Each structure stands twice: as structure tokens, then as C-alpha cells.
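K.L.:
This is the structure I want to talk about, given as C-alpha cells.
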Number of protein chains: 4
Amino acid sequence: MFREDSPEEECGVLGIFAPKEDVARMAYFGLSALQHRGQEAAGIAVSDGQTLRLHKDIGLVSQVFDPLTLSKIKGDFAIGHTRYSTTGSSSARNAQPFLIDTQYGPIALAHNGNLINAAELRQELLKKGIGLSSTSDTEVMTMMLACSKGDTWFDRLKDAILHWKGAFSLVILTRDQVFAVRDPWGFHPLNVGMLPGGGHVAASEVGALRTLGCEAYREVLPGEIIALSNTAMIAFQAVPIPEQTAFCTFENIYFSRPDNVFDGKSVHAIRQRLGENLAKESPVEADVVIPVPDSSIPAAIGFSRESGIPYNDGFIKNRYIGRTFIEPNDSLRQLGIALKYNVIMENVLDKRVVMVDDSIVRGNTTGPLIQLLKAAGVKEVHLRITCPPIKHPCFMGVDMGTYDELIAHRCTVDEICRKVGADSLSYLSLQGMMSAIGREEGYCNACFTGLYPIPPTIGMTKTGFEQSIGE
Amino acid sequence: MFREDSPEEECGVLGIFAPKEDVARMAYFGLSALQHRGQEAAGIAVSDGQTLRLHKDIGLVSQVFDPLTLSKIKGDFAIGHTRYSTTGSSSARNAQPFLIDTQYGPIALAHNGNLINAAELRQELLKKGIGLSSTSDTEVMTMMLACSKGDTWFDRLKDAILHWKGAFSLVILTRDQVFAVRDPWGFHPLNVGMLPGGGHVAASEVGALRTLGCEAYREVLPGEIIALSNTAMIAFQAVPIPEQTAFCTFENIYFSRPDNVFDGKSVHAIRQRLGENLAKESPVEADVVIPVPDSSIPAAIGFSRESGIPYNDGFIKNRYIGRTFIEPNDSLRQLGIALKYNVIMENVLDKRVVMVDDSIVRGNTTGPLIQLLKAAGVKEVHLRITCPPIKHPCFMGVDMGTYDELIAHRCTVDEICRKVGADSLSYLSLQGMMSAIGREEGYCNACFTGLYPIPPTIGMTKTGFEQSIGE
Amino acid sequence: MFREDSPEEECGVLGIFAPKEDVARMAYFGLSALQHRGQEAAGIAVSDGQTLRLHKDIGLVSQVFDPLTLSKIKGDFAIGHTRYSTTGSSSARNAQPFLIDTQYGPIALAHNGNLINAAELRQELLKKGIGLSSTSDTEVMTMMLACSKGDTWFDRLKDAILHWKGAFSLVILTRDQVFAVRDPWGFHPLNVGMLPGGGHVAASEVGALRTLGCEAYREVLPGEIIALSNTAMIAFQAVPIPEQTAFCTFENIYFSRPDNVFDGKSVHAIRQRLGENLAKESPVEADVVIPVPDSSIPAAIGFSRESGIPYNDGFIKNRYIGRTFIEPNDSLRQLGIALKYNVIMENVLDKRVVMVDDSIVRGNTTGPLIQLLKAAGVKEVHLRITCPPIKHPCFMGVDMGTYDELIAHRCTVDEICRKVGADSLSYLSLQGMMSAIGREEGYCNACFTGLYPIPPTIGMTKTGFEQSIGE
Amino acid sequence: MFREDSPEEECGVLGIFAPKEDVARMAYFGLSALQHRGQEAAGIAVSDGQTLRLHKDIGLVSQVFDPLTLSKIKGDFAIGHTRYSTTGSSSARNAQPFLIDTQYGPIALAHNGNLINAAELRQELLKKGIGLSSTSDTEVMTMMLACSKGDTWFDRLKDAILHWKGAFSLVILTRDQVFAVRDPWGFHPLNVGMLPGGGHVAASEVGALRTLGCEAYREVLPGEIIALSNTAMIAFQAVPIPEQTAFCTFENIYFSRPDNVFDGKSVHAIRQRLGENLAKESPVEADVVIPVPDSSIPAAIGFSRESGIPYNDGFIKNRYIGRTFIEPNDSLRQLGIALKYNVIMENVLDKRVVMVDDSIVRGNTTGPLIQLLKAAGVKEVHLRITCPPIKHPCFMGVDMGTYDELIAHRCTVDEICRKVGADSLSYLSLQGMMSAIGREEGYCNACFTGLYPIPPTIGMTKTGFEQSIGE
């Protein structure tokens, strides 16, 4: 019952080349800055130039690693991963990075995204007589590198990348190189930065680069392969950028930490503008603007700024109750969301409240939050959502739920408004959202529009594999 | 190095009488809402009317308890505790509640605060031939109840309370009662609330009461003993309230969660007024007001509101790096605070920034935070602190550090301003602070003024005991 | 179902004074040699001359301690304990040693045995206003030392010991001394030995002394207090030895490791003589003598030697299945004892077998073992037991079970023989047993005779306390 | 320093088909009976007819599995494994069974033995483009099955087996079958038995079959594949038995539990005859025969029986100190073997002792044991070894050490006798050993003779792989 009504990201990835540094320790702190992108499993693989060593397990970064563990994986090259697991596959076997020995030497790989042709590629590998030990598309990619042709890892990577359809922000570790690779559509972010003492870092988000002290950084371009193994990075446009990129809009709406930069723009600034545009599109007479913490704070600040309605905190979120395995008893279960959110009464009592939230996915927490406000003596609740209604599932690595689960697939905006008990409900329009982002196109808005940048195919779900080797 | 520069609270306490409910499970969720008051150890003691059972250990509430553990401590009466440990005594032996069998039957006790005459009381107990298994003043209180005279626990409690000098918000469990007790000075908060299904809850903060669904609540008065064991609570003024109460100002400045109510006032509202008064007292020309997250957010909102300078986020705090046991390597150590805070550049670049913080204790994080801002291209940093300079240690259960550690004991405001690299620094005046709180007196401001409501005596530190039985 | 049908010992104790050595580490290895006396909990307390430090927990010695834990408890003086727990009180709270601070400084205590007047002493302590945190008689003893009169620990110990009725082999740690104390009846063993590099060790069994390299050793006399804190041990006869000592016969029959020396005699040699006497008293025509491993091996060797019937292994015991928490499913449950013992068929097929066992307590494993032999094709099974029928419970620290549980309390020897399916059954006579031990009196044979050396009183069980503070 | 001077076995394997039973639970108890064959890691894979599920980890069977874990892997078919790890590869990654999905569906495999052509086969797989995630030859075998041709698993297995040179006792799990496979040389044991309630079990040793209640059993023949999936087992001679089988002599000398049956003969009986033949070949005037516990007990019984010299225990072995991670301090280190073995003085004092041991590998514990005896007052020590000198390493899955480590490779018998401080030393002759076993040929005696049944080749060690993916 404590599951938040949010889309959920698959992963954060990290790659480091830092000669003379303890890269495992750096990876530990870098992954901590990517922990929000995946809290189920974590792993680090390190190369000392000769041998690749790996440690990964289920848990937060701080639970998976201790000083002893880190001391056993020393070297100059590292990749790391934090994983969010979709329901039903919370197995240690699917933790990343994947590490294998190949005819070309050892290789490890960590992945953020989802291949839509994974089932097909998997069948091709199996038919070649290759056995697969997990249900992950990442193992498929790793094995494809093992059987690619080409003289160098760079060549083989160029070859393999052409077969991968879908979202992949990758870091790859060989004996003496770290590669950062981004799919040609550019679905998810990937950045590289320079360490002041020499070496480079690649990471899903800019925050991780800054946490490690990087002084200059840029995004890995869609379709680009970047090799980190020298004073100078080597960048190569492996696949031409398609006519239309497909940056994931939801990185701006929800996933990225607000200090990230995506497609050249500050995520925090975009979220403020989302709030501003929402205030322009759907103004309302009210006394206070409150966010649903934490992700909606920048948008609520923007809404307040544009509307002139004062900004204030309305909810306190209990940060410690999220990952509990204790089931509440019956009377606590009736409290529901109140176990996790408390209203700051004095800030909302007898007021007309604008409640800003980033999105409504399944719709199971919005109603209870509004009830909490009403029970606390709020006069009116005007719900404002910083994106359009989510009507379609995602196949690119984001767990939005199925068609049946999506409330906006089943209900009109009016129906949703009644269901959640709001006095008014407005979603931001697609145009308003894209104008806040600052582009008209080049983004994947399939969850709003159903227009998938790569057409979905049968077998995209993982059910088939999981029937063979259960988790 | 990751230690925050904040005063640190000793504990949160919780008591529950809920016939026909699973009180251990309720206590679990209630303690989760008090986790911010102590993250080192947690414990729950339960009575089923006959037998008292206890589970406690080092760790967060969610680490100490699992479904199996909770299933073993069932009953109608419970008390619980979350503990912050002062340096050097992070022993499981000092975890609370304390549970003992006595001539009057079993009793358990959990405590928030500090007795300043604990050393003296401890010596008296030892001289009576009583052995003590910990260094905690809570064990002293528990043993005093075991050897008090009187016909009922209520009588014995009335007797013992007269000997206790200092801060104590207590919950006490006997076979068939839960008591909530607050010292006559009222240092730390303690509240009681009514469960809709019958029964009552006592808790350090109102947030915990609301998390458990309490519908009506009030503060336990200074010097009051309240018994929870019937449909109606029984309240008794055991010690007359002294001429001057001594509510801890820092509960308003920093400790309490902002949804708490203390001395009849909303903590969030007080913090907003602290910011407003600060803006009035120490105005400055600037472009943006930013908080040091999370505790300074309400004050920064207030500063913005009063000054008209826009409010925005300036820092992102990494929530996952706080409790790590991994030491950074040398080059990461140089980054220092940057491992934990990242600047949102676009929000502060080229701007004159008002940085609002709740307090400066040792002064070791303020400078690095300002450096982060300057490195991100901030034009000016105007530091505003929502309380006066902290010049004196606390002996009532708050870990402020020693005289030597307190930067404001050693340096003038100008010197501090230069040390931390701010372009200007203003503290809120005592008057400004008390006006935000809404009282002129009745509060303990000893850390600012050195005027201790109970004169400190020799032996208040725990060093003596710890030399006998090490931790 | 895996519970062996054996009486179970309460504890092993260890004390070390070893200047300039790492006594915690020594204690670790010493306790490992006492692990067979108690496998439920383990603890070590150490003094560095100033501070006492303690670590104890549930588990085997090797599970409770790791290098980090040991490194935190350094000093010159140590005591240690391995605990066997009676059913229902497997609580960490009852693990030993107990450590408290007293008016005379800190003290820790570890105990093997049982006080029969514990309930009475406990009530006296409670009435004095002392609270007790466990249900253990060891805490009672520790608290009595805290409130004893006298100028030195030695004096106070002399005083307290006079009030203790029952079995106690004790080690006591103060800031600068280790005491070894044995009750005047001498129920359980306690030995002291000299370290070649200086210092002394006290231990329940000689094996632990030899494991630590002691070169000379002797038994602590009944009623003797020995202080280990100098080059020379100081020994003092604190209580006169009573007319009759009451050495526990079962130490010879079963508890002690066969390399122990008890009452001046080798346990292994005694057990061989038990077998020899059994062969003399109850000869039988047979082809092979087999032990029930491991405790009956020496007696079976003796039986073979006296009878001339060849000795051989008949059973293999699975050493890894003993402490499992996995319940077998139904079809495995029917196998019962076969999960733990396998017959070596070739050694017994078509043979008349003498099966030597040390004792029959509840009688639940003897029958199944005989069935295993019969199923393997044995012609006849002649069961020989190396002690008389056990008809009475023990109140001195050995878990024999209650009257109702003891098969020999309910059934005659003939009935038992039929029940277990043996072709003949003989117990060793009391005279035969004592002649093997080499004494006619001075031993406690209450479990055979019902003649308790100290008359049992009401309240000797712990149930009363456990109702107050559950476990 | 606690490493025993014994050859060490690689593994125990187990396979179960038991319709309507909880096969995971059965596998748990079966593996417990194979724990002596490998104590580093354990694993169980189960099929419910559709999905294969796996749990494996480092630790004893009782540490790797708990009720929750077992409840997650339910089905009708299971295989299990206990692993002994050679130094340097104690990685969870090498734990077994291996489980992969293939073009033919999922498959899991567990292996006892060693392929001498593993390096070559590994290179072939890598060249095919297959990536390997471990350094284990078992993964090589599993992957070869994934890329074998043939219509059924049976066909593919017949094909693959022809390429495997070396020792392999295998159990293989598919969706609806369990296979038991033994290499044509028959190096290590493998048995199958019938469950009374229906179904069959395969296991390395007969003891495990009896622990699970099997009523009839036979050895899997060299080169045989047996399928367990029906009321009737299906057996197939996949590879013709070579002119000479190569049963591992050391299974009789040391590895197998004495209740095992190997090559049709009772291991306990063989060991007795080894002792008898040793007494015939190398008689000596002495007062007592003692074993080095536990493995030499049957041989010492045999020596005693043949020589007429009385048998007795001479050493007590501390069962709890074997797997400790605590390093002894300097003065304890000097004690060396005395930490683990104590002498039963009374049994050997002033006596001429025959000390029977199964083998001398590196020779590092024999000398200290003899010193212990001498220090305890033994008059003479006559060392008798139940096999010839070990002069050559094993490449078939037994960790004998390298040529340099083997004391008999470097020293003559006389030199060894002087080094270990014995008064006389005799090894059993090859003829004497084989006569005890009851065969003249068909056994692998390469460690004694250097005559390897399959010639060793370059690359048989695992170093190469481990340089790629470290552990």
C-alpha cells in the first residue's frame, strides 16, 4: 500500500577512468548520487588493467558495499549501476553490471533503458547455442558483444549497437577501457565529465559528475560512443541521429534530480516553467500553492511565481516509512496515505489550496491526499498536474503500469476530478509542457499521445523468459 | 566528515494504550514518524496485561523490527523509543526502553531529555547496593522507581519525580498502564491524543499522533503525569509548574518536524515568522532567497515573503549519503560537503543570494556551502541565521558540543562572516526570535545567553560512568 | 524432533589473567574448547585495569565474535561464558557474562550451575528496591555482590557466597582481578592453570586450559575462591567443604569432554571403566560392541575390552543436521532419527550387537536407533546403559526434564526394554558406576536416587519471573 | 594455520524426482548428509515442470537455506550441490548448480570432479561467441549442453559427454527430468536409489540416499546416464566403459563417509582392512593403537584387531575451531595444532603408541601431533599411514597441492620420519592397499604412482580464467 503513484525508472549508470585513484570508492559515492534512479540493487565492476572484479547485490548502495568489499575491487577503471526492479523480478540474478569472459577478454556492462527487440535478440542468441542465466535484456547485450565480429571492442560495439532497438544508456568496462554509449534516440540521459586530477567520468546525471568533482561536462550525444581511457576522451558518432530524437519527457517531469541537465536545459528551471505555464493555462483564485513533496516543489514555486499566490509547504512526508516490510494492521490501513504524509494544518486551514503534482499514473494516492487536506479544514483543493493525462504504457524502461492500470486511460478529466475529490483539476497541455521544455519536437511523448517513436512489438514484456527460469 | 553541523536531539518517545489493537505494530509506525529525533537505536516494550516483553537494538526503526519480531511482542499497552546517541556511547546497552522486574512487578521506561543531577542520583543508587548495567540516566530513573515507596505506581512516580532535575519527557509501561510524564520546566515536547477506536497515544510530536489516526490531542503540561489505561485519560499535576517554564527554543528552530505543535503553536508557522523577522531586522538587496535544506525551508519561505525577494531551491541534498561508513579517498575528501550537497546552478548563477540557515554550531559546513555557491557563479552570498549566535553548551539533552567547539564562543559575528566567506552575515536577535515564537519568556535560551534555567553542576557529563563500564 | 535424548548442561566458564597478552583473543579460543558445554549464547568481558567492556550474543562462539568485535575489548583480564539455554528462555537478555557498575566499581560475572534458593534471593533483592532486568540467577548473584558489605571484592565475595545454595562454578571480573569460585558441594568442575608466559587461566574443563597452553593445572576446590591477578595465584577456602561433597556424576557419564579431569580422575578412563563394569555386571553373548556416537565411545571400548567382543563403529552421525531450523516434511518425519544417524550395515549385518549408550532420559531416540539396526539386518540388539535409570529431575543446572518426561520414572526396566525393542536391556548399577568413578560417596546421584544433597524447595523453577518479563 | 593436512574434495551432488513431495526440503536434508564433501557453498535448483528456480550461496547448507528460501523453490524435480573451493576461488559466482535458459528450455547442472580438457573446451565456447560468467568447468559443461545438437536433452547429453575428458559425477535438471551422469572412468562415486513413496534419488554417497529413506540403491555405472522422471528409472550406457576404470582410491582412504559403498564395497570395511594390512606389513611392539580423528578411526580399529594391540582414543578434536576467521595471537600461534587437538593423557602416558593416520599430504600437522603426544609423556610414537606416499598432484578434482607442496615428493620416508619426530614410520604398500580394497586394478592411483589414467595437459589449472575475471 505504500507504493507511490509514480512512474518508476529502471536504473542509473556510472563509468570512471581515474588512473591512480581508488575508482571503486569513487564509484560508491557516484552511485550514491544516482540512488534516486534505482533503490533495489547496486553493483560495481572494476578493472586493474588485467582482471575484472565485480560486487553486486540487492539493497541500497550503502547496504551492498562496505569497506572490506570495496577494498577487494581496486583498479583504474570502473562501472557501476543502481537498479529499480519491476515487480516480479526482484532477483539478485538480474542485478547489474553483468560480467563475462569472452574470446576477446573479459567485459562488463550496465544498462539504463529497455530494448524493445530484446525477445527477438534473445531467441537469436539461444538459437546460436548460447545459454542465458537471467531474464535481463542487459545480459542479451553483453552476450551479443561476446559474439560480435571486429578487431577491437570499439569495432564490435559499433556493430552490435546497430541491432539494438530501444532505450539504452550504457557503460561498458573492458580490461583497459570504459565506454559510454547512448542510443540514437537519446531516450535517457548520459553525461561525461572531466576529473581535475586526470581521467573522466560518465554518469546518468550531472549531479553524480559534480559529486565526484568533475569540472567540465557534456551530454553523450544520441548514437555516440565515448571511450574513457586516456587524458583525452575519444568520441565517435556510431549511429547517425535519427530525424527525430526521442528524449524522455518524464526525465524532466519526474525522474531526474532537479540539478540535472538534460538536452542542454536545467531540469529545475524546466519544472519551474511547467508550473508557470500551468498557472497561465489554468488559473484559479486561491490562497496558497502547495507541492506534493518532493518532486513537485519546483513546479509549485513556478506556479506561485506566475500566479502571485503565495507558496508554502502543505505536506510533511515521512522519509522513513517508504521501504518498510511491515504491513499495517486494519485500523492503520484505513489511515492509508496518512501514514506517510502529514498535513501542516496551520498553512492550509480555511484556505483555498492549489495542490501541484507532477503526474497522476494509477490515481491511488491523489484522492487520499486531497482527503487529508479536506480533513484538515481546507476550503477548496484545486489540483494542477504538470503534464498531460498519461494514457499509454511505456516500453522504454519506465514502469507506468498497463493500460488497465492507467486512470486516464479509463476516465475523463472530469471523472478523475470527481474520483479524487478535487474542486477543480487541470492538466498541463502538451504544448504548454513542450514550451516549458523549450522544444516543439524531438521528445518521446508516447505515454501521453500513444505515438511511439519505435513501434511496440509482441514479446516486449519479460513474461516469457521468466517462465523458464523463475525468480 | 559527513556529520552535519547541527545540534542533535537525544530521543523521541511514544506510548500507546489501545485495547484490541496490535500495539506493537502501531508503535512501529508511530516511531517511524519520530525517526528524525533519533536514528541510532530503537525499541518497543509491550504489555499484555501480565507480561512485559521488549525488543530493542541499534539501527533505524525499519532495521530493528521485522514482522517476526513484532509478532512476538503483542499486547494492549506499549511504549517505544528512538535514540540519538552522543559520541562514544553508541552501545546497544544504552538503547531504550529499559525493562526491569521490581518488587512491584515489571516496569519499562523510555526517556527524552537529560537529568542534570543524574551523577548524584546514580551515586545514591550505587550506595544503596544497586548495580547499574548502563551509563544512561534512564536506567537511573527506572531503578529509582523500583526502590520508591508508595502503594501504586502513580504514587511512586509522584515521589520519584520530585528528585529529578532536568529535562524529561517520559513514557512508562507497567503491566496495565502507560504513563506520560513531562518535567516541570517543560523542556521537550510531549503530547497525548485520542484514538477514534478507543485508547490513547502519547508521543513527542503531534505528527506521530496524527500518523496513528488520533483525532484530538493536547500537550502534556509541564509537571503533569497522565495515565493511559482507560477510556478516559487520567491527568494529574504532580509538580507545580515553576515560575518560569523552560521550553527548548531549539525545538522550534530545528528539532521538531515542522508539522509539530509546541507550546500551542505551529512549528512551521514559527519558522516562517523567524524568516520574516530576519528579513525585517537584516534586509539586503538580493535576487533570490535559498534555504539550506531541509530544516531552513520554512524560514526561507518567510524571508522571501517579507522581503519580496523570490524564493527558490539552491541546493540539492543527497539523502542517501548521510549514514555511510565508507571513508572517501583523498581527492574526494577535498570535495567535502560537495559529496552531500549539489548546487542547482541555473537558480543562482550571477545572482545575489540570501542563504537562510537555522543555526551555526561548529561552523564546519557553512563555509564549504558558501564556497559551492561561489564556485557555481553566485555574485554575492548573504548569510541569514534564524537564531542568535550559539555560545553555550546544552545540558538538557541536546548535543551542541563543548565551549571549545562552538564557533560563536570563540569568534565575533564579523570573524565568522570572514571565516565562512559570506558577503554579509546576520543572526536573528533574541527579541526577534522570541517575537516569532510569540512569547517573551518561559523558554530556555541558555545556549544563546548562558542563563541556565537549572544551574549546571559538576558531573553532568557521563564520562565518569563510561570509565567504569566501557561501550 | 532433532533434539537429542540427552541431559543438557547449562554452561562453560572461563577466566584469564594474562598481562601483555590479547586476553579477548585467548578467551575466544578458550571458549571454543568449552563450546560443547553450551551452544546457544556466548560472551566475553574484558578489563584493561580501568574499564570493563563486554560483548555477548546468541550463537556459537564463532558466530558471536569476529575480529572487529574482539579488537574492541582489549585488556589484561577476561572472563567468558558459553551458554546452554533451557527451553523458553532463549533470550539474548539472559546471555552471560553480566556486567554492572556498583558502588565499588564495575564487576562482571559468569556462572555454570543453578542456585536452588534463587527465587528467595531474588525476592530479597526486589524488596530492597533493586530492579532486575533478566530471569537469570546469575544476575541475582551479581546484584548481591553490588550490595554486599566488605572492604574488598574478596571480602564481599566471602560474604555473598554464604547465602548461595546450589551449584555454582563462577568466574568474576573486576577492574584488576579475576576470581574463580566453586560452590562448597563442588557440583560442577572448575580448574585453574598457569600460563608459561605468566598469568593464569580458570576454566570449566582442563581441555580449555591445555588449548591455551597451560602447563600446570589443578581443580578449584569446593568452597574455594581463587584470585588471578599476580604471578602467584591466591587461593582461599571461603566455605568449609561440607561433610559430603556432591560432585555431579553426570559430568563423568556425559557432560565433560573425555579429556577432562574431574575429582582427580580422567573422564575418558572413567568411561572405559564404566563399560568394563557394565560388561562384568551384564555380560551377553554377542558378535560386536558398538557405541552410540559420540559420548559412548570410551564406554564401548571398555565393554569390548572386558568382554572380548570386538569393538566397531555401528552408526555414522551426521554432524551437520543437529541445529537446523528446517522442519522435515511428512515423509521425512517418518524417517525420524534416520535423518541424523546412518547404520554402517556391513559392520552389523547378521550380527548380535551390544549397543552401548550413556543414558536414557526421555527415551525418544533409543527405540528408533534400535529399529535402524534391525532394519539393517541385525540379529539381536543388547542395550547396555552406563548408568542406573534416571528417575528424578535435576535442580543443579542440568536439564533432565520433569518427572513426567523421564521414562524410567514411569516404566520398569523390562517395560523400557520392550518399548525400545531391545532383545535385552541392562543398566549399570549404582555400585558399578561408583566403582568405575573410584569413590563410594561424595557424588550427587540425585537423578538416580532422589536423594538431593540440598533439599529442593518451591519456586526453584524460573516460571515466576518469566511471567513478569517475558522472553 | 587451521587448515588440515588432508586432500580436499570438490563436491557432493544430489538429484531428486519425487512427485507430490517438497523436493527442496528433501534436497536440504540430503545435502546435509553430503556436507562433508564440501563446506564452502551450497545450492538447490528445483523445477515444478515449467519453471526452474535456484538458490545458492556461500556457507554451510544450514546457513544458505532457511524456511522462507525453501518455500520459494517448490516442485517435483531438484538437484543440489555442496562445494569445496580450491584456494583463490571462493566466490559466490562459482557456487553450483548453474542455471541457464537455452534454445531448448532451461537447464541446471551440478558437478563433482574436474575436466582436464576444460581450458580447451572453454576456448572453443568463447570462440563461438559465448560469454562465460565464471571460472568453473561446470559452466563450460552447461553451455556445451546449450549448444549441442540433438532432439532431446538425452540426445544432447549423449553428444556432449563424448567431449568431456576427466572426472564428472553430474546431476542435471531440466523442466521435467533429472539426469545422473558418471564419467566413463568412474572417478568419483554416484548412486541412485528408490523412494518408497515413488520417485528416485541420485547422490554422491549412499548415506544421502539412506537419509532420504531410499530402500534400494545401486551405483551409477561408469559412462552411464540415468534419467529420473518416472516410476521406472531409465538407464543408458552412453559411453563404453574403458578397458580400465579409474575409481578414485582416495574415496576409500579419506573422502567418503565410512557408511558409503563404492565399487560395491563398504568403505568402513575397506578402511578396517587397510589397518589390518598395515599391521601385517609393518608390525610393531606397542601398548596402544590410536587414530587421528575422525577419518582414521576404522583403520585404527583394524590395526588393533590384527595386531592384538588395544585400541583407544588418544586425541580429542575440537569440532568448533575449524572454520574460524579469528587469527590467534603470537603465543597461541606457537601452540599451533594444540588449539585443535588435545591429548587424552591417561590413555597414552608412558606408553608405546601406534598412531594411525590416513595420509600425509603436506606434512604440516603430523609433526605437531607427535609433539603433542611426546609432551604428554608418550614413550614411543610409531606412525602408520594407510596408503603409500603421495608424490603427485591430482587433476581430477582433488586438491592435493602442487608437487612442491607434497612432502613425499621432496623427502624419503626416512626423512619424513625424522622431520615429524616419529620413532618409526611405515606407509601401506600399493599392494597392501589394493588388497584391502579387493581389486588389483581399475583404480586411479596417480597420486602415488604418477601414472595418470588420462594424461595431464597444459592449461589444466584455472589460473588463466581467473586472470580475466577475478574472484
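Note that Cβ sites are derived from N, Cα and C of the backbone, with glycine treated the same way.
Caution: TrEMBL annotation is automatic and unverified by curators.
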K.L.:
Do you know which of C:Cys147, C:Cys214, C:Cys387, C:Cys394 TrEMBL groups with C:Cys248, C:Cys444, C:Cys447 in the [4Fe-4S] cluster site?
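P.N.:
Candidate in the recorded [4Fe-4S] cluster site: C:Cys394.
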K.L.:
Among C:Ser295, C:Ser424, C:Ser426, which is the one TrEMBL gives for the Mg(2+) site where C:Asp357, C:Asp358 also bind?
P.N.:
C:Ser295
K.L.:
Can you tell me whether DSSP puts C:Cys11 (active site, nucleophile) in helix, strand or coil?
P.N.:
strand
K.L.:
Could you tell me the C-alpha distance between C:Asp357 (Mg(2+) binding site) and C:Cys447 ([4Fe-4S] cluster binding site) in angstrom, no decimals?
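P.N.:
Counting only the Cα atoms, the answer is 17 Å.
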K.L.:
Which residues, in sequence order, are found in the same chain with Cβ within 8 Å of the centroid defined by the Cβ atoms of C:Cys248, C:Cys394, C:Cys444, C:Cys447 at the [4Fe-4S] cluster site, excluding those residues themselves?
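P.N.:
Neighbours within 8 Å of the Cβ centroid, excluding C:Cys248, C:Cys394, C:Cys444, C:Cys447: C:Phe187, C:Ala246, C:Thr249, C:Phe250, C:Met396, C:Val398, C:Met400, C:Asn445, C:Ala446.
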K.L.:
Across the domain 'Glutamine amidotransferase type-2' (C:11-231), what is the average pLDDT of the model, as a whole number?
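P.N.:
The answer is 92, the mean pLDDT of the model over that range.
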K.L.:
Is C:Cys447 ([4Fe-4S] cluster binding site) helix, strand or coil when read with DSSP?
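P.N.:
DSSP assigns C:Cys447 ([4Fe-4S] cluster binding site) to helix.
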K.L.:
Round to a whole number and give the Cα-to-Cα distance in Å for the pair C:Cys11 (active site, nucleophile) and C:Asp358 (Mg(2+) binding site).
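P.N.:
Cα-Cα, rounded: 20 Å.
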K.L.:
Counting every protein chain present, what is the number of Cβ atoms, excluding its own, within 10 Å of the Cβ of C:Asp358 (Mg(2+) binding site)?
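P.N.:
The answer is 25.
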K.L.:
So which one is it: of the recorded positions C:Cys11, C:Cys248, C:Cys394, C:Cys444, C:Cys447, which has the fewest other Cβ atoms within 10 Å?
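P.N.:
With the recorded positions C:Cys11, C:Cys248, C:Cys394, C:Cys444, C:Cys447, fewest surrounding Cβ atoms within 10 Å: C:Cys394.
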K.L.:
Applying a 10 Å Cβ distance cut-off over all chains shown, what neighbour count does C:Ser295 (Mg(2+) binding site) have?
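P.N.:
Within a 10 Å radius of the Cβ of C:Ser295 (Mg(2+) binding site) lie 22 other Cβ atoms.
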K.L.:
Write down the Cα-Cα distance for C:Ser295 (Mg(2+) binding site) and C:Cys444 ([4Fe-4S] cluster binding site), rounded and given in Å.
P.N.:
20
K.L.:
Could you tally the C-beta atoms, other than its own, that fall within 10 angstroms of the C-beta of C:Asp357 (Mg(2+) binding site)?
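P.N.:
Around C:Asp357 (Mg(2+) binding site), other Cβ atoms within 10 Å: 22.
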K.L.:
In whole Å, how far does the CA atom of C:Cys248 ([4Fe-4S] cluster binding site) lie from that of C:Ser295 (Mg(2+) binding site)?
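P.N.:
Answer for this pair: 17 Å between alpha carbons.
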K.L.:
Rounded to the nearest angstrom, how far is the Cα of C:Asp358 (Mg(2+) binding site) from the Cα of C:Cys447 ([4Fe-4S] cluster binding site)?
P.N.:
14
K.L.:
Which of the three DSSP states, helix, strand or coil, fits C:Cys394 ([4Fe-4S] cluster binding site)?
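P.N.:
Looking at the DSSP assignment, C:Cys394 ([4Fe-4S] cluster binding site) belongs to neither helix nor strand, so coil.
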